[in-house]
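Chemist: Before anything else, here's the structure in question.
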């Protein structure tokens, strides 16, 4: 945090993560329109616009919008097929939606005066719990009691199998925790560092260095936004594979 006593200005790197109502100053309830819901809606709108306008023409020689849409589609489709196999492709629409939402929410959060929904554990936890609940239900529907074979390491010595089963069970229920914290933590940390460098830009003596640092951090954050969307999605595919093929 940097303070400018004369002007009474206070810069705090965590102020950008405060959820505020869009209208008025009242308390935030579950039904209150907030800056978080606004930017999530904008992310959904941007995804819809890209996929609608990018696939509408279906030109043999694609334009830039169509190229981006086809690149995203092809990358996620290959990811799902490589990790889960052919039988996992029926769940591709959900995985594609998840990847695009996280990616666009991350990128929109880099705009000045914007808000990054994926920096909040409340948002990422909902995404992670939906994945966890979905693959768990799918595992039992597809495999019945055989889904429990995911926790029984048959290749291990018999004496160690009960211990490993407990460890596997604990690690399974920790999945949504690590899945959500990883995304929120990385996005929040990067945005906070950019805010810190921006605060130092107000000090004339170090302003040039601060501007260079902000530029470098923005470049790094673009990469982090892409990587975190990819990591969240590929872990979803791994969990989906466990539900479809639970045997160790």
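Cβ coordinates come from backbone N, Cα and C, glycine included.
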Chemist: So which range, 91-111, 175-195, gets flagged transmembrane segment in Swiss-Prot?
Modeler: 91-111
Chemist: Would you please say which range out of 13-33, 34-54 has the annotation transmembrane segment in Swiss-Prot?
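Modeler: Based on what Swiss-Prot states, transmembrane segment spans 34-54.
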Chemist: Among 58-78, 121-141, where does Swiss-Prot put the label transmembrane segment?
Modeler: 121-141
Chemist: Counting only pairs at least 6 apart in sequence, do the transmembrane segment (220-240) and the transmembrane segment (34-54) share 3+ Cβ pairs under 8 Å?
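Modeler: Stretch pair does not touch.
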